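As recorded in Swiss-Prot:
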SIGNAL    1-27  signal peptide
BINDING   G93, W94, T95, G96, T97, G98, K99, S100  ATP binding site
CARBOHYD  N149  N-linked glycosylation site
REGION    192-211  region 'Partial activation of MRGPRA1'
Amino acid sequence: MAVARHGYRPWGSILGLLGLALAAAAAWDVASLRCTFGSFCECDFWPDLPGLECDLAQHLAGQHLAKALVVKSLKAFVQDPAPSKPLVLSLHGWTGTGKSYVSSLLAQHLFRDGLRSPHVHHFSPIIHFPHPSRTEQYKKELKSWVQGNLTACGRSLFLFDEMDKLPPGLMEVLQPFLGPSWVVYGTNYRKAIFIFIRWLLAVWHHGGAPAGRCGALPPAPAASRAPLRTQ
């Protein structure tokens with residue numbers, strides 16, 4: 001029986017552990033340099049665009065043009081170290097076309113903690129803006145919330161669900177944040193992402209169908225059409 005004598009000469013084990021330690025240190029240095037010189041480590045903003053593209057391909061049926069446009073827009077925005085304006089995505093479509101699912105995937109693959117990230121802000125009209133009579137109060141609160149959170153983290157995501165149910169005029173307070181200016185209210189907002197979700201029926205009623213034509217709805221959109229607009 002052959003007896004290994006490694007117990008008498010532990011240098012191999014020590015050198016192996018030293019190699020692991022050096023490799024870990026090198027990996028840490030690379031990550032540190034990336035955080036120092038890149039914009040990927042702001043807050044918990046860690047974009048995983050290949051993972052997003054994979055999940056969209058595997059779990060979102062149809063919507064080929066929409067998927068391609070989402071990925072293309074995000075790549076261009078994330079890779080730009082100094083964007084001139086925030087990324088604005090408008091997702092609209094019929095019920096069941098994947099609007100909410102796409103928005104959750106975006107948060108999941110853009111931030112380390114996904115929708116639980118303190119820098120992902122999800123607004124629901126039923127929860128946050130239930131009383132149209134308080135629109136002016138909501139405007140002040142929304143402006144203060146967006147401004148304060150962008151001051152804390154420029155890489156913030158603001159998700160507005162069911163846009164068709166929001167009090168009229170509420171979104172006017174966001175217009176200064178969506179343009180190409182450098183600073184708004186003393187806040188640099190150009191790295192922010194805004195996502196607006198709207199039901200297609202509301203879009204049709206607000207701008208598609210002539211007034212007074214009840215029931216004049218468009219045919220259901222084909223799966224290949226992209227219910228998405230970017231700014």
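Including glycine, each Cβ sits where the backbone N, Cα and C put it.
Structure coloured by features recorded in Swiss-Prot.
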residue: K99; record: ATP binding site; Cβ within 10 Å: 26
residue: S100; record: ATP binding site; Cβ within 10 Å: 15
residue: N149; record: N-linked glycosylation site; Cβ within 10 Å: 19
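Under the three-state DSSP scheme, S100 (ATP binding site) falls in the helix class. Averaged across the region 'Partial activation of MRGPRA1' (192-211), the predicted model reaches a pLDDT of 61.
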